Amino acid sequence: MDGPDFGSDVRDRRHDPLAMDQTAGRPENGYVDITVPQNTGCPAKLKSFCFKNMDWVRRVSVEPALLIVMITMGLTGGVSIQYVQHRIYENYNISGGSGGPCSNQSANQSAAEKDAADQAASELNGFNVISGFAGGLPALFVTLIISAASDRVGRKLPLLLPVAGMLLGTCVFLVVSILHLPIVVILISNVVLSFTGGYPLFFSGCSGYVADTTAKKDRTFLFALLFTLALVGSGIAGIGAGYWIKGGDFTDPFWLAFALQLAILLYLMFWVPETVDTSKSESESETTEPKSSKLSAVWKGLSGILGVAEEGRRVWLLLALTVLFLVMGVFGAINSILFVRLLSFPFCWTSVLIGYFNASKPFINGLGLTLGSRYLTKCLQDYAVIQLGLLSTLGMLIIICLSTETYGMFLVNVVGCLHALPPAILMAKMSKIIEPSLQGALFSLTGTTESLANLLGPFMLGLIYQGTLNTFPLTVFIVMIGLTALTMLIVGVLMFMESQSPNKLVYEQLQTDGETEDDEVVG
């Protein structure tokens, strides 16, 4: 059965046995084989439906799941924040009206009304800070353990567990909205999602899956494709959710998210094949380390990441993780703080305008990410592309500080169209210097770093924003500019380390993008 052609850059993922070394096991046509073990979790009657006569489906695997999951997160994320704002403003007798939730902000506003509006905005920001902290701390350890263990237990666990948690979290919100329970109950949703890993674990699982099924020279583009799908998926639902909220209905977006999450859970269980031969991994671990526990296996994988990074590569890897932490921390803080700022005076955006903004931002960023990873990396070195992405972030933050009009805020998305390039390129470079058997451990580190950044970034910067809200609210964006400048300095150090390394072969895999190794094996 023939299906759509997704391009020559997305490799045909064939379901044949995977060799111990992916590179050595690659056939002459350059394709990377993956394993469909006998124990797939698919009932016997459905196995033929799941894995036979599905050649066109094998061109993609986790990509559709990532897109749909991000659509559901786009539906639930913005709607839940605006629902909490609606409930808080109700407590302060601030009506939404046709002019938006801060329509009371006018020249004739009394001092008492202005004070109530400021208290409501401060309470909303405080709720977001607490919610982010409660929902991020457990995800640090869950992502670290599950992703590292996926090298032995399989890639489907870090894919299924977060989706199940999202499904439960959606159910919690529906109960709160329908029964009009206290909004503090929504924190349960974030805690449940965090203990199942959430988005960091899911994206880590997707990254490991792609690394299992692609050649090194294709990974830069395919990792950029993953980030693009994440951005586009989060924006697709923005406009529809905005109109839903304008109509006063907060539950319909969550019912749609519930249906999509349930469908993706079934898709991952019965359609997506496993890329790790778990029976082979277990037999090998029993032969070499018969008394080792799962936790010791996880620790062995994590320590192996640093063990292979000798002669300067260890320092390079740690600095690259630091860059990833700073970049993702600023990203998370921008998204949460800018959202609160746009809902407050002097912008006072409506839910529909928020929907257009949330929809345009991922599409513009996704376009910049795809084109940048595809074409800029051909004419510029990777470090130069990373610096361009950081310059794009700087420009975006400067415009946020200077703009007081709606058109200026939409210009933020255009100037910041390349700001998602640095993490995508860094993850691809790290994946190329780590052996295939440690890919899960690597992405457990990157996923944990991202989770820690999403926890501490919005928390610390949110506290700064809340503390300076009534004096100089732009302080937090100036701090972000300083952090971005520091990140550019660290990237310069990475570039200097690579150019001054006494042993050039240490970084040869990074510079050649893996093409040399592939040619040697095939030849």
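In case you wondered, yes, glycine gets a Cβ from its N, Cα and C as well.
Note that TrEMBL annotation is computational and uncurated.
Per TrEMBL, the range carrying the annotation transmembrane segment out of 43-63, 127-147 is 127-147.
Your range for transmembrane segment, going by TrEMBL and the list 338-358, 380-400, is 380-400. Looking at which of 127-147, 222-242, 254-272, 315-334, 440-465 has the most CB pairs under 8 Å to the transmembrane segment (185-210), the answer is the stretch 127-147. When Cβ distances are compared across the two stretches, the transmembrane segment (254-272) makes contact with the transmembrane segment (64-84), since 3 or more pairs at least 6 residues apart fall below 8 angstroms. Contact check: the transmembrane segment (471-496) against the transmembrane segment (315-334) gives at least three Cβ pairs closer than 8 Å, residues 6 or more apart, which meets the contact criterion. Using the rule of three or more Cβ pairs under 8 Å, pairs at least 6 apart in sequence, the transmembrane segment (315-334) is in contact with the transmembrane segment (380-400). Looking at which of 64-84, 127-147, 222-242, 380-400 has the most CB pairs under 8 Å to the transmembrane segment (440-465), the answer is the stretch 127-147.
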